[in-house]
Amino acid sequence: MENKKTIYFLCTGNSCRSQMAEAWGKKYLGDNWNVYSAGIEAHGVNPNAIKAMNEVNIDITNQTSDIIDANILNRADLVVTLCSHADSVCPSTPPDVNRVHWGFDDPAGKEWSEFQRVRDEIGERIKRFSETGE
């Protein structure tokens, strides 16, 4: 069944938040959605994001850090920006793209507990979306 919708998680560096969101998205939405993530820049997958997801038995070592792909962006059924208010640069999207904003703090460079907190918050948000469509 290839009539899947496409969801595209975006943040600044495609290093932490959008990587975790992609993994949670594949877990909770993978049956009905093609799940992608990207950033304005590609900073590489943060080792602590990999470690945090491993704690919940999700392996993201094969995910790549990617710059926003206009083809995916323009055909996505839903674009989700994950930047916090503290981020000065959050990806902009074309006006015709269905975009929502789910803001999460950037754990990069912070305490380990921040990675765990943000991981859990993103997981809960995507789980709720999978159950309610909102």
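Cβ coordinates are placed from backbone N, Cα and C, and glycine is handled just like the others.
In three-state terms derived from DSSP, Cys11 (disulfide bond) belongs to an extended strand segment. Taken from Swiss-Prot, the feature disulfide bond applies to Cys11-Cys83 (among others), supported by sequence analysis.
The number of other CB atoms found within 10 A of the CB of Cys11 (disulfide bond), across every protein chain shown, is 30. The annotation active site, nucleophile is assigned in Swiss-Prot to Cys11 (among others) on the grounds of sequence analysis.
Annotation comment: Swiss-Prot describes Cys83-Cys90 (among others) as disulfide bond, evidence class sequence analysis.
Just so you know, the Cβ of Cys83 (disulfide bond) picks up 23 other Cβ atoms within 10 Å once every protein chain is counted. The DSSP secondary structure for Cys83 (disulfide bond) is coil. The active site, nucleophile feature in Swiss-Prot is assigned to Cys83 (among others).
Using a 10 Å Cβ-Cβ cutoff, Cys90 (disulfide bond) registers 17 neighbours. The active site, nucleophile annotation in Swiss-Prot covers Cys90 (among others) and is backed by sequence analysis.
In the three-state DSSP reading, Cys90 (disulfide bond) counts as coil. Rounded to a whole number, the C-alpha distance linking Cys83 (disulfide bond) with Cys90 (disulfide bond) is 6 angstrom. Recorded residues Cys90 (disulfide bond) and Cys11 (disulfide bond) have their alpha carbons 6 Å apart, per Cα-Cα distance.
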